[in-house]
Amino acid sequence: MAAHQDKRPSEERKHKSTQNDPRTPQVQWGRAWEVDWFSLASILFLLAFAPLIVYYFIMSCDQYQCSLIDPLIELLTGNKHLSDIWNKTPMLTYRAAGIYTLWVTFQVFLYVFIPDFCHKFLPGYVGGVQEGAITPAGVVNKYEINGLQAWIITHVLWFANAYYFHWFSPTIIFDNWIPLLWCANILGYAVSTFAMIKSYFFPTNAKDCKFTGNFFYDYMMGIEFNPRIGKWFDFKLFFNGRPGIVAWTLINLSYAAKQQELYDQVTNSMILVNVLQGIYVLDFFWNEAWYLKTIDICHDHFGWYLGWGDCVWLPYLYTLQGLYLVYHPVQLCTANAIGILMLGLIGYYIFRMTNHQKDLFRRTNGNCKIWGKKPEYIECSYMSVDGTKYYSKLMTSGFWGWARHFNYTGDLMGSLAYCLTCGFEHILPYFYIVYMTILLIHRCIRDEHRCFSKYGKDWKRYTAAVPYRLIPGIF
C-alpha cells in the first residue's frame with residue numbers, strides 16, 4: 001500500500017546451475033508459501049477494516065471538520081446513528097464515474113502507447129526499455145519506463161486547462177472527492193479479483209506463482225509475481241506508479257485551488273505540502289528505472305495489497321495533509337515554515353543519497369568510492385528456483401554502514417515534515433507519520449526475514465557488521 005521503496009545493494013552474478021530441492025531457501029523470495037495464524041488474522045483484519053479506515057478519515061473531514069473523535073462521541077452517546085452518517089455521505093455519480101474512467105484510460109494510454117522520449121534530451125535520466133531484476137523463477141522482464149513523461153504530459157494539460165482552456169475547474173478533484181472514492185474502490189477490487197482469476201487460468205509465468213491454498217491470503221498478497229497483459233502492460237509497475245502517484249500532485253493542486261476559492265489565498269503550509277510531496281513524486285518518476293529493483297517489484301506478488309492499496313489507500317490517505325488544510329488553513333510563521341522545509345529537504349537528501357550510494361555500488365560492482373573510500377561489503381550467494389546459483393554483495397559502507405535501512409530514516413523525516421505543516425489542532429494529519437513508521441518497521445522485519453531465507457549465514461554476517469535497522473545506536 002505504499003510507494004516507498006527499498007532495494008538491496010547488490011550486483012548479481014550467475015554461477016553454474018545445480019539441481020536442488022524445491023523447498024530450499026530461494027522459495028522465500030516474494031511472499032510466503034504457507035500461512036501462519038498471525039498472518040491470516042492480520043490479512044482478515046486489513047481486508048475487513050482498511051476500506052472502513054479510508055472511509056472514516058474522509059467522512060470525518062467532510063462531516064466533522066477533520067475531527068476523528070467527534071463521530072465516535074456522537075455514535076457512543078446516541079446522538080447519531082451509523083445510518084445518519086451514511087445518509088449524508090455523497091454517493092457514486094455519473095460525473096465521478098466519467099472523470100475516473102477518463103483518468104485511468106488516459107494513464108493506460110500514456111503507459112502503453114507512448115514510448116519514452118524524455119531520456120533522449122534529459123541528461124542523467126534513465127527511461128525507455130529497461131530490464132527488471134531476476135524473478136524467483138529466473139526470468140528477467142523488460143519494462144517501458146515512461147512515468148516521468150506521463151507525469152509531465154498530464155501536468156502540462158492540467159495547467160493548460162487551468163490558465164487557458166477552462167474545460168473544468170481546478171477544484172474538480174476536491175469537489176468530487178467522495179464519489180471518486182467509490183470509483184477507486186471499484187477499480188481496486190476489480191483489478192485484484194482479475195489478477196487472482198488470471199493466476200489460475202492464464203498466468204504470465206506459472207513458475208513465478210505461489211498458491212498457499214488459503215483464499216484470503218492469496219487474494220490479498222497475490223499469487224502471480226509479475227502479471228502482464230501483452231508485452232508491456234505490467235500490473236505492478238502500472239498500479240504502483242500510475243494512476244495513484246501521478247494523481248498525488250494533481251490532488252494537492254486541487255486542494256490548493258479549493259483553498260484559493262474559499263479563502264482568497266493559498267497558505268504557506270499548503271505550498272509546503274505541494275512542494276515537499278511534489279519533490280517526492282518527481283523523485284519517484286525520475287528514478288523509475290531504479291524502482292524496478294525495489295521491494296515492490298522484486299519481492300511482492302500482485303494482489304489486493306497492491307491493487308486496492310495503490311488505487312485507494314495511497315491517493316486518499318497519503319494526501320490527508322492537503323485535505324486537512326482545505327478545512328483548516330494554517331499560515332505558519334516564517335521560522336516554523338523554514339524549519340519544516342529544512343526537515344523535509346534533509347530527509348529527502350538522506351533518502352536520495354542513501355539510495356544513490358547503493359545504486360552506485362551495484363552498478364559498479366563495488367568499484368567506486370563512497371565518502372571518498374572504497375566501499376566495504378559482504379559477499380553473499382543464493383539460489384533461484386531453477387537451481388541457478390548467484391552471487392551478490394551487500395554494502396557495509398557509507399549510510400549503509402550506519403543502518404541497514406537508513407533510506408527509511410530519511411523517508412520518515414520527510415513524512416514528519418508533511419504532518420507538521422498542519423499544526424497541532426487535530427490528530428488526523430498525523431496519521432501519515434504513524435502509518436509510515438509502522439509500515440517501514442514492518443518492511444524492515446519482512447525484508448530481513450526474506451533476506452535471511454535467501455542468504456542464510458551470509459545474512460548473519462551482514463547484520464553483525466551493520467547491527468542497527470533505522471537509527472544508529474538505538475534501533
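Cβ coordinates come from backbone N, Cα and C, glycine included.
Summarising the annotation, TrEMBL assigns compositional bias 'Basic and acidic residues' to 1-14. What TrEMBL lists as region 'Disordered' is 1-25. Annotation source TrEMBL lists transmembrane segment at 37-58, 92-114, 148-165, 177-197, 237-257, 269-286, 306-326, 333-351.
Tallying C-beta pairs under 8 angstroms between the transmembrane segment (37-58) and each of 177-197, 269-286, 306-326, 333-351 places 306-326 first. Remote same-chain residues near the transmembrane segment (92-114) are listed as 144, 146, 149-150, 153-154, 172, 176, 179-180, 182-184, 187, 230, 232-233, 238, 242-243, 246-247 (criterion: CB distance under 8 Å, separation of at least six residues from the stretch ends).
Long-range contacts of the transmembrane segment (237-257) within its own chain (CB-CB distance under 8 A, at least 6 residues past either end) are made by residues 3, 103-104, 107-108, 110-111, 143, 147, 150-151, 154-155, 158, 162, 169-174, 191, 266, 270-271, 273-274, 277-278, 281, 284-285, 288, 291-292, 296-297, 302, 306-307, 310-311, 314-315, 318-319, 322-323, 325-326. The stretch in 148-165, 306-326, 333-351 that contributes the largest number of Cβ pairs under 8 Å to the transmembrane segment (177-197) is 306-326. A Cβ distance under 8 Å defines the sequence-distant neighbours of the transmembrane segment (333-351), meaning residues of its chain 6+ beyond its ends; these are 268-269, 272, 275-276, 279-280, 283, 399, 406-407, 409-418, 420-421.
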